[in-house]
Amino acid sequence: MTYLELLALLALQSVVTGATFPDETITEWSVNMYNHLRGTGEDENILFSPLSIALAMGMMELGAQGSTRKEIRHSMGYEGLKGGEEFSFLRDFSNMASAEENQYVMKLANSLFVQNGFHVNEEFLQMLKMYFNAEVNHVDFSQNVAVANSINKWVENYTNSLLKDLVSPEDFDGVTNLALINAVYFKGNWKSQFRPENTRTFSFTKDDESEVQIPMMYQQGEFYYGEFSDGSNEAGGIYQVLEIPYEGDEISMMLALSRQEVPLATLEPLLKAQLIEEWANSVKKQKVEVYLPRFTVEQEIDLKDILKALGVTEIFIKDANLTAMSDKKELFLSKAVHKSCIEVNEEGSEAAAASGMIAISRMAVLYPQVIVDHPFLYLIRNRKSGIILFMGRVMNPETMNTSGHDFEEL
């Protein structure tokens, strides 16, 4: 029996491009994945990269045929596209996102690790190179320690050493023949940076009303801001949306948070592709006081259960049709891992994926205050195309690494 190991890796923070592609296709799929993840852990932080997973699934689709390929296209929302159009989009996006003239750094790297002597169709290898610029490496999976070290070194190299130990020797054995690896790295600086000397310790109130102390950044400036109703017509039914651009204005981080007394779980069920588009079209540039936590999130997700819940099942069974990849029978996906990391600090973001109190008046002010001192959801998106590169939520900053600049305790 033959196994295909897919280890979809990501370390990242934001970016996308203006490729012509129905942005709601990827956005809807991103929202579906987010909703599944929040359903598996009510009080847990969430972090994943729709971009990284889309690239990994694109590589799988390239090797699939028949009902297996049809199932992947249906799950990803590609049915309205002509066959193969999605590959051209992913290629064009990758080329634009990683262009040297961009004011951010983004690396997209793909690699196919193949068992020595294992036959992979030449046409598949050519297409893999053309659409994903993928490397092909021949290894001996029976030497699992050496293979794991080789893959982890490759990942570290492409994520600026932010993501380590993606795989372990136990992930491979004598029947493993293929491993597909996808790595995404992003580093961007805020268009308007937070001054480190303004960072102070602040109380963050979790949904269970307990409090933790966190480093809170602060600045006053012009940002895209809007207030929206959750439809409840109650006093706490208004929530805030803030968009903070990175240098170059192509990429931004969008934050959504309810009023402090309203749990994030009240807002999350409203999340849809159309709502995100409404946020983007409705926020207006204005002066805002922003209090934003400095945080780091690293998360590893077993994609197998999530992809199955989203309708992708055939690639995980021995009847999978991956004959575009290899003539070998009983080739299927036995493992799918997604690892991501994001750091948000005073300068901006980097991904490969601090005590005292400050007094803030919540009384009438000259302009809006966005005080991110309770659970919130966030996404990093390309402002032109609307495509989401990174998505997540912060429920409990106590579990996250908040290291960074030293800050003053008040």
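Cβ coordinates come from backbone N, Cα and C, glycine included.
Note that this is a predicted model, so its numbers are computed, not measured.
Residues or ranges marked as signal peptide in Swiss-Prot (evidence: sequence analysis): 1-16. Per Swiss-Prot, the feature N-linked glycosylation site maps to Asn157, Asn321, Asn401. Feature annotation from Swiss-Prot assigns O-linked glycosylation site to Ser403.
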Surrounding CB atoms that lie within 10 Å of the CB of Asn157 (N-linked glycosylation site), all protein chains: 13
Pairwise CA distance, Asn321 (N-linked glycosylation site) versus Asn157 (N-linked glycosylation site), rounded so that it is a whole Å: 33
Number of other Cβ atoms within 10 Å of the Cβ of Asn321 (N-linked glycosylation site) across all protein chains: 19
Where Asn321 (N-linked glycosylation site) falls in three-state DSSP terms: coil
